[in-house]
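Features reported for this protein in TrEMBL:
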ACT_SITE  B:72  active site, charge relay system
ACT_SITE  B:162  active site, charge relay system
ACT_SITE  B:186  active site, acyl-ester intermediate
DOMAIN    B:22-478  domain 'Amidase'
SIGNAL    B:1-16  signal peptide
């Protein structure tokens with residue numbers, strides 16, 4: 001069978017100019033614990049006294065596939081896993097005489113992404129041809145934006161959760177050098193058995209946004225947090241679906257190490273990373289590898305390395321033969337891309353519907369994840385880390401808010417149900433929020449039963465599980481069917497309590513000697529007898545009477 | 001009938017004096033008789049007859065309905081081989097029509113075939129194609145044969161290039177009009193040497209969609225016709241925005257027939273002194289002076305102007321041309337279409353051998369030098385510098401037109417057509433540099449230009465003069481061109497039945 005080959009995307013990534021990513025400004029001093037690759041995000045006061053410590057420096061190059069129904073320069077559809085070569089126009093196959101026609105939707109997506117990342121939007125940007133021969137690049141060149149990209153000079157703010165309970169939120173910034181529009185390549189399928197290569201051009205010409213993040217990060221966790229935040233932003237904007245495993249978001253990491261205050265070290269480029277988790281691991285492995293080399297007195301090679309998720313290591317990739325010169329040239333078939341500030345700045349004769357107007361896009365920007373988290377914390381009084389959990393899961397904020405609409409229970413009491421019970425069950429079965437068998441009103445009803453004292457909190461959890469397994473049944477129905485209602489019959493509870501007291505003389509003795517905490521043990525035993533249905537207030541009262 | 005302008009034929013068709021099928025058959029017959037010219041790479045006899053038939057049953061709907069035309073073989077034609085006169089595309093059949101081809105077909109024009117050219121339009125003689133050179137029809141007509149005493153088959157003259165097949169098709173009366181392409185003069189040059197009207201419209205006025213590119217930033221579909229008015233009508237049909245070509249511009253005005261009584265009194269004709277270049281033949285110079293005098297006598301203002309950067313133009317043209325060629329030719333790797341080498345021990349080896357086998361020396365040479373110009377270390381020194389000079393050249397024209405000049409009058413070529421044996425003494429590069437010297441500046445600046453035949457030389461070969469106008473003033477340019485045409489009295493080749501002359505000379 002033909003094995004899927006990532007060579008094409010790697011090739012694309014390989015092409016990026018290497019020089020000039022590192023700003024001259026000195027970096028924040030960071031310290032790496034060599035025993036634990038997790039980095040300290042806080043500036044360590046001690047770091048200044050130990051300047052010989054080697055620290056990691058990480059920059060990222062990210063290719064985000066634009067979420068558009070058609071390709072960047074042709075009308076072919078864009079779809080993942082369509083039959084090979086079923087989404088290929090004459091232009092995509094580079095038939096002679098065909099010309100690129102820019103897709104406005106892709107430009108708007110790039111402008112929108114640029115605005116969300118605080119970039120300057122270039123009123124005029126240009127397209128260039130980047131030449132190299134590869135079987136899945138039919139024209140022999142890629143149309144990209146080398147000289148003047150559509151957006152430049154932005155910032156991505158992301159947060160790290162620190163502390164034992166990860167309750168401390170630390171905000172960080174990474175500088176976005178530029179966002180450029182460019183074409184994706186096709187895919188090569190190498191059939192080793194018949195020693196042939198099959199080409200699928202479905203992906204050829206799909207619009208990409210290449211985002212270049214400056215080396216402002218120092219470890220895998222920071223890079224992962226930055227990429228995760230970017231993912232959320234792109235998904236909120238709808239400009240990219242952001243799925244790394246489907247290749248909609250492809251991340252290459254530029255990693256080097258140096259001693260703070262000294263020039264940056266020789267860097268490597270790490271590729272073949274297809275999840276945020278692997279990104280963190282790959283970077284931390286690479287930092288440790290480079291530190292190891294330097295500590296042994298060796299030198300780091302400037303090379304491209306691939307991450308092997310099985311071994312958790314990075315390994316050198318077979319280098320392209322010789323030095324590539326991409327022979328950049330202006331794309332002569334596309335006039336400069338002009339975006340307009342607002343409708344007033346549109347020149348006469350330009351249809352406002354056909355033009356890309358920054359103001360209009362700005363007005364259409366949705367609530368970004370960071371704003372959403374702040375709003376959740378402020379509005380509902382939940383903990384910041386809970387706001388991260390909510391926003392991280394597509395649809396969970398909406399779910400949470402829908403539950404709140406239908407219950408009088410306090411948000412701070414609801415949040416645990418959503419982030420623990422619901423999310424836990426979803427994750428276990430690999431379901432999305434929208435696939436949850438328990439709807440927000442159903443959960444709200446369950447919480448109401450608990451809130452009004454009809455069921456205990458432990459029973460509520462049992463009911464939740466039963467609801468999960470039998471969708472459609474209400475909490476009230478389940479409670480009734482399984483006779484899970486609170487037992488408040490005083491006589492019945494008296495007899496159960498008596499049995500427990502009689503069979504645990506030592507505990508009773510301890511309580512009578514003043515160790516009131518032991519009462520909780522007896523309460524637990526009573527609940528065990530009643531399967532958690534006993535009214536805890538009543539049980540406590542009866543037990544207190546019987547042990548006094 | 002064949003010697004008429006197409007407007008005349010169009011009238012004859014409408015009046016029923018001839019049917020589209022009869023006309024088509026006459027032209028097909030003529031193509032057979034003039035096969036030795038090698039004007040066509042593919043003759044589409046079957047589909048032409050079918051189209052003529054359709055034209056017949058349909059009420060003739062416009063001036064082009066039923067009119068035979070030829071298309072340079074670098075315009076894509078659906079289900080008809082499009083070779084670019086290259087081994088690389090020897091068997092390539094495009095799945096779509098170029099926009100300009102489709103527009104002509106939509107008007108009911110009848111496609112006779114695909115016209116010969118220099119490989120990928122790289123040449124100025126139409127001598128460098130994979131299917132052999134094209135012969136100038138005038139070099140088989142009586143004036144040439146009598147005046148040069150040419151007796152041998154090998155004494156024929158070239159058509160000029162690269163649209164030599166298109167020019168020969170129109171000149172030899174096998175088509176009433178033809179599409180050429182013009183990157184540095186490829187339409188005007190053979191137009192002048194074959195005695196037909198050759199228009200290079202303003203860059204962007206005609207769609208390039210489906211034109212297999214030479215230099216995207218300079219390529220323009222060219223129109224070849226027997227009269228200026230014919231060319232104007234075709235321009236009116238072909239011009240305008242095309243959503244498939246982002247570099248097209250809206251037509252400034254709908255263009256129908258030209259005014260028959262255009263007055264040149266208010267026209268200022270500029271004579272650029274830099275075009276008085278070394279190598280300019282006496283006869284061509286004499287024609288230039290003659291027409292300038294015609295203008296002056298008619299009350300036009302004729303003044304000498306300067307385009308100071310002209311001398312640098314041809315060098316910059318070559319740098320930019322070769323760079324774009326290197327890029328445009330990158331797609332011909334044998335994978336998706338075209339020639340594929342049998343030598344395929346690795347993908348790289350297959351690329352190399354495919355491209356070596358598929359392209360001629362001229363194309364390979366331009367790819368090599370173009371890639372050299374684009375190398376990181378050379379880019380500023382060659383490409384960027386050439387672009388800057390290109391701007392200066394465009395500014396030269398802008399300044400002249402800004403100073404009140406309406407049109408520039410220049411020679412189209414240095415002289416009349418060279419004899420094939422003389423022409424091939426020099427290599428393609430040298431020839432291109434010589435032959436394109438008057439024509440490529442208009443491409444560098446994107447301006448409209450037209451070559452009008454003015455006289456036969458002493459050798460019995462056509463001489464043409466060029467008019468260059470400001471961007472998007474194509475109609476005015478053609479009006480002035482028609483004024484010249486009406487006064488110079490250029491003879492029709494049908495005044496001599498040249499094919500009979502030819503047979504008389506071959507023993």
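Our numbering is plain: 1 for the first residue shown, then up by one each step along the chain.
Cβ atoms are placed via backbone N, Cα and C, with glycine included.
Cα to Cα, residue B:72 (active site, charge relay system) and residue B:162 (active site, charge relay system) are separated by 9 Å. There are 33 other CB atoms within 10 A of the CB of residue B:72 (active site, charge relay system), with all protein chains counted. Between the C-alpha atoms of residue B:162 (active site, charge relay system) and the residue listed as 'active site, acyl-ester intermediate', the distance comes to 5 Å. The secondary structure of residue B:72 (active site, charge relay system), as reduced to three states from DSSP, is extended strand.
Around residue B:162 (active site, charge relay system), a 10 Å sphere centred on its CB holds 39 further CB atoms from the protein chains shown.
Its own atom aside, the Cβ of residue B:186 (active site, acyl-ester intermediate) has 38 Cβ atoms within 10 angstroms in the protein chains shown.
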